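**Q** Just passing along the structure, written as structure tokens.
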Amino acid sequence: MRVSEGGVEVEVPEQADEGIGDEVFFNPVQELNRDLTVAALRAYRDREERAEYYLDAMAASGIRGVRAAADGWNATLADIDPDAVELCERNLERNDLDGEVVQRDANALMHEEVFDVVDIDPFGTPIPFADAAFANTRDLVCVTATDTAPLCGAHFHSGVRKYSAVPRNTDYHAEMGVRVLLSAMARTAARYDAGVTPILTHATSHYVRTYLELDHSASDANAAIDELGHVYHCEDCLYREHDFGLVADPIETCPECGSERTLTAGPLWLGPAHDADFVAAVREELDDSMGTESKVERLLDTLEGELHEPTHYDQHRLCKEWGRAAPAMDEFLGDLRDAGYETSRTHYGGTTFKTPATVEAIREATRDS
Ligand SMILES: C[S@@+](CC[C@H](N)C(=O)[O-])C[C@H]1O[C@@H](n2cnc3c(N)ncnc32)[C@H](O)[C@@H]1O
Ligand SMILES: [Zn+2]
């Protein structure tokens with residue numbers, strides 16, 4: 001079937017079973033991810049003008065790489081599957097575009113050639129590709145992870161194995177996934193004396209996507225490692241706190257309610273997961289050839305204003321815990337602000353918010369909301 005996306009037209013196989021099957025993979029639901037990729041690549045090129053060489057390391061139909069090539073990137077489309085490679089060639093040709101197409105294991109290719117921007121979009125975890133990506137990429141590594149259950153701690157042992165971290169299933173599970181992924185990426189890059197700065201990160205319908213800018217020195221790697229630490233969480237009253245450092249110092253009892261049902265998660269990335277200026281610049285690069293333009297715009301609006309606190313709250317979850325009916329979000333957040341606390345909504349959901357206030361302080365401040 002033919003698919004038009006972002007001004008290009010590509011041929012993709014009908015997907016027998018949600019992309020799981022013998023055919024070359026294509027997921028229409030990832031259009032938002034691809035629209036955002038194109039806008040982020042544009043904004044990135046303004047920031048780093050010499051960036052030119054883009055690798056779509058797991059290209060499948062090539063739709064992402066074709067869109068990058070149409071946008072002026074010197075694009076290489078790679079896949080291990082010969083059928084995918086053939087399709088990539090046809091899809092570049094169909095759009096009258098130049099680009100390299102290679103049938104190659106992404107790890108081998110990334111070790112052999114240096115690219116300015118590398119895009120890792122595998123089935124499930126990106127971990128098997130992270131070493132090669134950080135060992136050699138010059139400027140920017142874009143990563144999609146679709147294994148959200150291990151990342152957020154719902155599949156605990158798998159998360160521990162894949163990410164060499166302790167993930168915990170909490171009421172902020174999608175953000176747990178973001179911070180486990182960023183932690184593993186930072187630690188992987190550090191092995192190659194590269195420091196990562198996440199300039200854009202979002203958790204959207206069953207995947208996490210992040211854009212990691214690289215600086216290549218041991219001190220940059222150390223600075224990234226300094227952003228790691230642990231979150232301590234009470235399963236009873238939802239109290240949480242965090243501290244930086246690789247050595248955990250868990251709370252045995254909750255300082256708020258005295259419960260011993262406390263969890264420790266980490267090492268997590270506790271630093272910013274986005275750069276608000278970059279997010280705003282990406283929004284400027286959206287255009288109406290993008291099918292998900294207005295959705296991406298809303299996502300970026302929220303992300304731009306999102307505080308960098310390492311965990312968010314869910315108002316419904318808190319109100320349920322307190323036996324209160326959930327009031328309107330604006331009123332609730334307004335009362336919190338009036339009490340002197342910074343607040344922001346988050347992209348993790350319509351009832352989610354961030355604030356440096358503790359659970360008890362939130363409860364007090366919103367008593368009359
Ligand atoms: C999720 S799909 C990529 C989707 C595509 N980027 C898009 O936006 O539609 C993953 C692709 O990775 C390819 N792949 C799996 N292992 C690989 C490897 N070691 N090296 C290169 N490609 C690989 C698969 O053949 C598959 O086409
Ligand atoms: Zn507690």
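Even glycines carry a Cβ here, placed using N, Cα and C.
What TrEMBL shows for this protein is this:
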BINDING   ARG34, ARG64, ASP79, ASP105, ALA106  S-adenosyl-L-methionine binding site
BINDING   CYS234, CYS237, CYS254, CYS257  Zn(2+) binding site
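Structural setting of the listed features?
**A** Same-chain residues at least 6 positions away in sequence with a Cβ under 8 Å from that of ASP79 (S-adenosyl-L-methionine binding site) are, in sequence order, MET58, ALA59, ALA60, VAL85, CYS88, GLN103.
Under 8 Å, Cβ to Cβ, and six or more positions away along its own chain, CYS234 (Zn(2+) binding site) finds ARG240, ILE251, CYS254, GLU256, CYS257, SER259, ARG261, THR262, LEU263.
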**Q** Radius 10 Å, atoms counted are CB only; among the binding-site residues ALA106, CYS237, CYS254, CYS257, which position scores highest?
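**A** Per the Cβ count within 10 Å, the most buried is ALA106.
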**Q** What is the interatomic distance between the Cα atoms of ARG64 (S-adenosyl-L-methionine binding site) and CYS237 (Zn(2+) binding site), given in whole Å?
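**A** Cα-Cα distance, ARG64 (S-adenosyl-L-methionine binding site) to CYS237 (Zn(2+) binding site): 44 Å.
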**Q** Long-range same-chain neighbours of ARG34 (S-adenosyl-L-methionine binding site), Cβ under 8 Å, sequence gap at least 6?
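**A** Expected: GLU5, GLY6, ILE63, ARG64, ARG67.
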**Q** Fewest other C-beta atoms within 10 angstroms of its own C-beta: which of the binding-site residues ARG64, ASP105 fits that?
**A** ASP105
